[in-house]
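Beneath this line is the structure, given in structure tokens, with notes to follow.
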Amino acid sequence: MSDVIKNFFKLESAGGILLVIAAAIAMIIANSSFAPMYDTFLHTYLGGMSVSHWINDGLMAVFFLLIGLEVKRELLEGALKSKETAIFPAIAAVGGMLAPALVYVAFNMGDPEALSGWAIPAATDIAFALGIMALLGNRVPVSLKVFLLALAIIDDLGVVVIIAFFYTSDLSVLALVIGFVMTGILFLLNSKHVSKIRWYLLVGFILWVSVLQSGVHATLAGVVLGFAIPLKGKKGERSPLKHMEHALHPYVAFGILPLFAFANAGISLDGVSLDSLTTTLPLGVALGLFLGKPLGIFSFSYVAVKSGIAKLPAGVNMKHIFAVSVLCGIGFTMSIFISSLAFGGANPEFDKLARLGILMGSTLAAVVGYILLHISLPKKAA
């Protein structure tokens, strides 16, 4: 294994540890006498948006840009290059969205108002899932990490579509049109072999603003920009995509992701009782994440492989896939976002119950997913 790849994994592992520490600190503060200060900080307005908004829709767009760059590189010259391998995470993601939603609906069939939260357990929190995986360092095969990246991003893109169609009542048509135009310009630049990153960043910023104003989750702009950055530069030039990926990684690992965890993991447990935890809404969310996710992802993956529709990534077996499918039950921030859309305005009590379910399901998925990965992975990197 080259020194570059070794350093990459060391960096990511350290960033993953910092991410978990930041989340733990947020939980402690949110349930202490410092909770009002924490809340005030997150709701302080800067330039027309709260600090929380800037982190979730601004800085996280940079994280999604990095994800887009990594997935594109793997699609063009890495583990997802072949059609059979590329289709595998897409099929798994479909199962990972359907099964959790069905579990939630089964628990809340008798409550029409609660049913509006059906999409809450359908999401996978890429940041936290990668953070847990990164704790295992270079024991994780590159192909397994890429599978998780691709699966999670397809999953979250699917959730963004769900949000746009089912949870957005005030879409701005003008902003969406501008966003589509900017997307077209980005891929026009790519087709014309423009290799200067500054032009992509300029158009990408306008795309981000338009998506933010459209009512659609602004992080989608980061994904689109990532896929537009060219892999190959002009003759004699370094790869624009690899250069940007290398430049962004330390800022994302040690800055954006820990800050993101700190801003979103602070859920107050004040007033929580055993009775409230065992009602159908939090149970539907928790079991949708902890049971529905692995059930959907693993079953769809198994059928896809056995039928010959897709093939396993190199160096990966079905035990690894099952462990990752459990890890994908970490819905956390995206699930919280959907909960706020489904219940936040109309029913704050339902929103709190859903968040409790998200906390339970995501914690179980993180702990069990880590244990399963620890058991199934080789003790040392090959």
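Here, residue 1 is simply the first one shown, and the rest follow in order.
Every residue, even glycine, has its Cβ placed from backbone N, Cα and C.
Over in Swiss-Prot, the protein carries these features:
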- 14-34: transmembrane segment (TRANSMEM)
- 49-69: transmembrane segment (TRANSMEM)
- 87-107: transmembrane segment (TRANSMEM)
- 117-137: transmembrane segment (TRANSMEM)
- 146-166: transmembrane segment (TRANSMEM)
- 171-191: transmembrane segment (TRANSMEM)
- 205-225: transmembrane segment (TRANSMEM)
- 247-267: transmembrane segment (TRANSMEM)
- 285-305: transmembrane segment (TRANSMEM)
- 321-341: transmembrane segment (TRANSMEM)
- 356-376: transmembrane segment (TRANSMEM)
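If you look at the transmembrane segment (117-137), the same-chain residues 6 or more away from its ends with a CB under 8 A from one of its CBs are 9-10, 12-13, 15-17, 19-20, 23, 60, 63, 67, 96-97, 100-101, 103-105, 108, 145, 148-149, 151-153, 155-156, 158-159, 162-163, 166-167, 257, 260-261, 281, 284-285, 288-289, 292-293, 324, 327-335, 338-339, 342-343, 350, 354, 357-358, 361-362, 366, 369-370, 373-374, 377. For the transmembrane segment (171-191), same-chain residues at least 6 beyond its ends with a Cβ under 8 Å from one of its own Cβ atoms are 164, 199-200, 203-204, 206-207, 210-211, 213-216, 221, 224-225, 228-230. If one looks beyond the transmembrane segment (146-166) by at least 6 residues along the same chain, the residues whose Cβ comes under 8 Å of a Cβ in the stretch are 64, 67-68, 70-71, 74, 78-80, 86, 88-90, 92-94, 96-97, 119, 122-126, 129-130, 133, 215-217, 219-220, 223, 297, 313, 316, 321, 324, 327-328, 334, 337-338, 341.
Between the transmembrane segment (247-267) and the stretches 14-34, 87-107, 356-376, it is 14-34 that has the most C-beta pairs under 8 angstroms. Take the transmembrane segment (356-376) and the stretches 49-69, 205-225, 285-305, 321-341: counting Cβ pairs under 8 Å, 321-341 has the most.
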